[in-house]
2 protein chains.
Amino acid sequence: MSDDIQDRGPDLDALRAANPEHWRRATAIRTLTLDAVAAANSGHSGMPMGMADVATVLYEKHLKFDASRPDWPDRDRFVLSAGHGSMLLYSLLHLTGYPEMTIDQIRNFRQLGSITAGHPEYGHAPGIEVTTGPLGQGIATSVGMAIAEEIQRDRFGRKIVDHYTWVIVGDGCLMEGVSQEAIALAGHLQLSHLIVLWDDNGITIDGKVSIADSTDQKQRFKSANWDVIEVDGHDPVAIDEALEQAKKGKKPTMVACKTHIALGSSAQDTSKGHGALTDPQLIADTKRAYGWEGAPFEIPADLKSEWEAIGARGAEERAAWEMRFAEIGQGKRGEFERTYRGDAARKLPATIKALKRQMAESQPKMATRKSSETVLEIINPIMSETIGGSADLTGSNNTLTQDLGIFTPENRGGRYVYYGIREHGMAAAMNGMALHGGARPYGGTFFCFTDYARPAMRLSALMGLPVTYVMTHDSIGLGEDGPTHQPVEHLAICRATPNTNVFRPCDTVETAEAWELALTSTRTPSVLSLTRQSLPTLRTEFTNKNLVAQGAYVLAEAEGKRMAILLATGSEVEIAMKARDILQAEGIGTRVVSMPCWELFERQDEKYRKKVLPAGPVRVAVEAGCRMGWDRWLTGERGKRDKGAFVGMDDFGASAPAEVLFEHFGITAEAVAQATRNLL
Amino acid sequence: MSDDIQDRGPDLDALRAANPEHWRRATAIRTLTLDAVAAANSGHSGMPMGMADVATVLYEKHLKFDASRPDWPDRDRFVLSAGHGSMLLYSLLHLTGYPEMTIDQIRNFRQLGSITAGHPEYGHAPGIEVTTGPLGQGIATSVGMAIAEEIQRDRFGRKIVDHYTWVIVGDGCLMEGVSQEAIALAGHLQLSHLIVLWDDNGITIDGKVSIADSTDQKQRFKSANWDVIEVDGHDPVAIDEALEQAKKGKKPTMVACKTHIALGSSAQDTSKGHGALTDPQLIADTKRAYGWEGAPFEIPADLKSEWEAIGARGAEERAAWEMRFAEIGQGKRGEFERTYRGDAARKLPATIKALKRQMAESQPKMATRKSSETVLEIINPIMSETIGGSADLTGSNNTLTQDLGIFTPENRGGRYVYYGIREHGMAAAMNGMALHGGARPYGGTFFCFTDYARPAMRLSALMGLPVTYVMTHDSIGLGEDGPTHQPVEHLAICRATPNTNVFRPCDTVETAEAWELALTSTRTPSVLSLTRQSLPTLRTEFTNKNLVAQGAYVLAEAEGKRMAILLATGSEVEIAMKARDILQAEGIGTRVVSMPCWELFERQDEKYRKKVLPAGPVRVAVEAGCRMGWDRWLTGERGKRDKGAFVGMDDFGASAPAEVLFEHFGITAEAVAQATRNLL
């Protein structure tokens, strides 16, 4: 956008005269935004003011939705990737008549307990399809929504599943690296039902976009196999045509919408306009320029009616859909409903139990990444909603099972995604699949590269999405690839994150139990931390009960007087068991506690926790990760203290064969035994 | 690359006949790679085999270096972004005669204690300019190297600083999102001394690139304002011409090198070829196809001499540079040498002390992000090596001071980088500046968005680079932006990372002390966790000594019998001080310990630690973050236990004004006092 155009800005009177009804509707969004930001004395005014025209046309003419039934599975999804412009979304939801989004909620923008948080929070209100705010997440998440839609369209037919995912992105979203992973993946997969509306306003917080970026975004999207359309973002007729054209493409489409941030205000086209416009005079002047009258938060009744008619526009189509849905046959309908509810397959518990029994008997020695594959081989055939994938480590993560098929433009029934070397994009896409509904995604990479996926993994937790992260190569046990690939702090990172279940199973039985919990989770993501190296089966006695569900349990009881408790996870449980052998031989009664999931153990009642970790015996924890967090378990319940020590890593790893490294870093049975003796 | 060409592959005999001397040199790299990978029984053979021709031409004809003086400041930098192909680099260093890179080191590839780790590790040997392996990091790091070169070329003149940064990237690097942040930044800044060599081999671990990517990389780079050249990566004459052309560009240049992974082996052009080729027959057949004879690891003496002549090629130019350097005048030379040594300015301690004294007297109430700016205002004028920046939050991070100037294509003397909304790219670029030498970078974003920068922050720590992360908005104290922007687990994440100093200062005096430590660090990155909200000055008594250097210290002593110790960091030190007032009024003698840096406290001797945290009194920690890690300090030294409690966050935050949130989450003086009473 040339400086010249920016300086002049559009002629509001001409815009109003050209499309008076549209202007009034869009201006309702603008004034609600100004009023809410002023009341909160914080927020972002400029983006909703700039994108109101595009959003109005989208909701009025294109978005398939029914405000009275935001849970209609075949609705279009709307993703506000530029989440700071949350008032755009809240205004739309209020105006079109989503019941929860009352004017009082708008008045309480950004206040405690309101559903109108500073950035859109999934779960606060229907119509908020995804939590956004961390830039780039929305567009990356939308790719997963579009994948889920394609897979379900293939499975259930076009009469049941046939909707679009619309995304509004800003320059910030497009500068974040994750946007590249997202658009490259979407372009490659030819997700033609994904339409991105770029708010091309040329402004960021630090000033003009041009101070930090010279990217030709249109060329960039084309290079990623997208269709690109340009449009004046304040011309409703042109916008309508562009959106119509976008829906017809064979590829995903990016619509570059030239807009003026903070349209019509004295802060138009400036970084000031990006933020909170709270000056009463500025607000009054701007409303006057809009030709808008009336008190703050006041929407004329006739205008509200017009908007509510837009909100009801899809009711007929929705009713027709319900008729069609009723006719698809009980089996398919049941499967559709079960997967949208997020229930696991009814066969799951018995299937897992059978595997556990088999493994307790055959006692294989295998890496837990291989154990995970063994579980997936029996899960995927009975859980039609799983969508697997890996960030280019399929053979290492053991995530692809025989029956899945690969998801490609030619095979929309495939349930395995080759994500490419895009851990972050994968994690965000998985969030999108879970948000879309009817899908239960899992995806793999090396545990160390959770670093790349962190922002999206945090959103899995914050949104409460039951995504499963299959994170293999979980310690120095991966060997020669060296410290860049060896997790040290990553268990602590995942455990520190609220609402995240971190599973580090010690053998195939625990892996099966962990998978059962991941697949039955409804509001918590799961991280499976799995070994590259082989491990023995330690759960050699079949239990009907899922012991991992308790988080920690007694794997081996002390013989004689209980003098020590060894706590361990994953590959170090074997070490703890060997240390127990050493100590018992010396007459030191030693219990081994396997702790595959701290979070679930914390949720047990105090009685159980005390039973597993009674006061008295010394405690030694062993884990091939950092100490961070372990002191919690080396002390007793609040106020009661027990002697404790930790055997693990206190620095980065090194490049050498795994067994050499365990020796080198002193993570051995003898070291655990010695640490125990030192405490006694 | 069409399947047809891949299937056929190049005619090795023809290649050899066309350029016999080149072929022999390049083949030495290929055979060393085959031998080392076979000996290690792991590693990546295919990439060095495919890129040997390009690398040979680069080292033979273009790279400015002197193997006998790898520390020559004006050398070209070579970055192997595709770090899994480490044997390419190790072979080059061995062949050209870097003294440390002996044939025994090559024989010990990937073994404990060798300098030839699985992936190149900075610090293991001269010539390894950067740790790579996590994909995309090398290319993103190189952007910072090129920025540092531009700034220093401007400051010291073209006779002293005038070198290129060469980067080999693979498809994996280009799929990682961070590569987009890097190329967009480099293109915008017109870093013409940055040249990227893309190993366009069409293969990743999961198979052909085409199963996961359809990006037109050439068009993508052009859209980011780069020059693009295409070349046959096995034609040394064409490669030479391409590299010559690349050096002449006014923009950064990407050279797309069409290559065959695992050239000449039966695994050529397959994903098998990407990994470890260890089959003796395959190796024998491949060597025969190369026309190579001799035992493993054996390089004919004449060939080694040829390569060593290449290694000595730059000696004359280096000597000439030293002459020029001796002539630039003592002041400039001293500044150059000081900044390359990484020493802080001599004036720094006195400058910091003066500020501390002033602040202890004036006792301002200000946010620590503002305190940080106050410190930077006095640091930047005396430390010519600082390079500041922010990921589009300049006014929020308070990172831009008056005298810095903005780094742009027109102003190469500018010391402030508008990174755009690219936290990851910023962190990696800062690593590159520190690696380049003569630069001490700092950069800002919101603390929560360390998530985006994680992979590069981990590399700062692993490489031991004294980069400073200015992370503002460090808790729920940021208020209305809500949980997506509010750090909860981020202190734990940074603290869990080895070799990272995490500073959470409580006022301007502590902020000044933290900055002094960050600026004098030589091998450890620093994270400054700073508030958005105002805080009182608590260090009202001037101390000559830097108390933050001890990690934790007694800020306020108990009056009467010491019954309780309150531990706190940052904004919660004020809360602890208020809680102390409450408790003292009730006759409960209460000490307050400020703990701005756990890592430094851990490094104190046991005597000091016990002095600060004596056994006996109950302990209550308060921090507006998660509990993870605090139990370490709520217990005494190993084996001794004290009663403890924690007041902080156990879930994500919320959107509301800051003071409302502290009340809502119960992080208040009264809550701390009550937790203390509960323990007594």
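Cβ coordinates come from backbone N, Cα and C, glycine included.
Owing to the predicted nature of the structure, the values given are computational and were not obtained by experimental measurement.
A C-beta separation below 8 Å, combined with a sequence spacing of at least six in one chain, links A:Ser396 (substrate binding site) to A:Arg369, A:Ser390, A:Gly444, A:Phe446, A:Thr472, A:His473, A:Arg532. Residues annotated as substrate binding site in TrEMBL: A:His44, A:His274, A:Arg369, A:Ser396, A:His473, A:Asp481, A:His485, A:Arg532.
Sequence-distant contacts of A:His44 (substrate binding site), defined by Cβ-Cβ distance under 8 angstroms and a gap of at least six in the same chain, are A:Val37, A:His84, A:Gly85, A:Ser86, A:Met87, A:His274, A:Gly275, A:Ala276. Marked as site 'Important for catalytic activity' by TrEMBL: A:His44 (among others).
Annotation source TrEMBL lists thiamine diphosphate binding site at A:His84, A:Gly133, A:Pro134, A:Leu135, A:Gly172, A:Asn201, A:His274, A:Phe449. For A:Leu135 (thiamine diphosphate binding site), the Cβ neighbour count at a 10 Å cut-off comes to 29, with all displayed protein chains included.
The site 'Important for catalytic activity' feature in TrEMBL is assigned to A:His274 (among others). The number of other CB atoms found within 10 A of the CB of A:His274 (substrate binding site), across every protein chain shown, is 25.
Residues annotated as domain 'Transketolase-like pyrimidine-binding' in TrEMBL: A:366-537.
Between the alpha carbons (Cα) of A:Asp481 (substrate binding site) and A:Gly133 (thiamine diphosphate binding site) lies a span of roughly 36 Å. A gap of 8 Å separates the Cα atoms of A:His485 (substrate binding site) and A:Phe449 (thiamine diphosphate binding site).
Of A:Pro134, A:Gly172, A:His274, listed as binding-site residues, those near chain B by the criterion of a Cβ under 8 Å from one of its Cβ atoms are A:Pro134, A:Gly172. Ranking the binding-site residues A:Arg369, A:His473, A:His485, A:Arg532 by how many Cβ atoms sit within 10 Å of each one's Cβ puts A:His473 at the top. Residues A:His84, A:Gly133, A:Pro134, A:Leu135, A:Gly172, A:Asn201, A:His274, A:Phe449 are the ones the record ties to thiamine diphosphate, and the longest Cα gap between any two of them is 34 Å. Take the CB of A:Gly172 (thiamine diphosphate binding site) and look out to 10 A: across all protein chains shown you find 25 other CB atoms. Across the domain 'Transketolase-like pyrimidine-binding' (A:366-537), the prediction's mean pLDDT works out to 98. Counting only residues at least six positions away in the same chain, the Cβ atoms of A:Ala391, A:Glu423 sit under 8 Å from the Cβ of A:Phe449 (thiamine diphosphate binding site).
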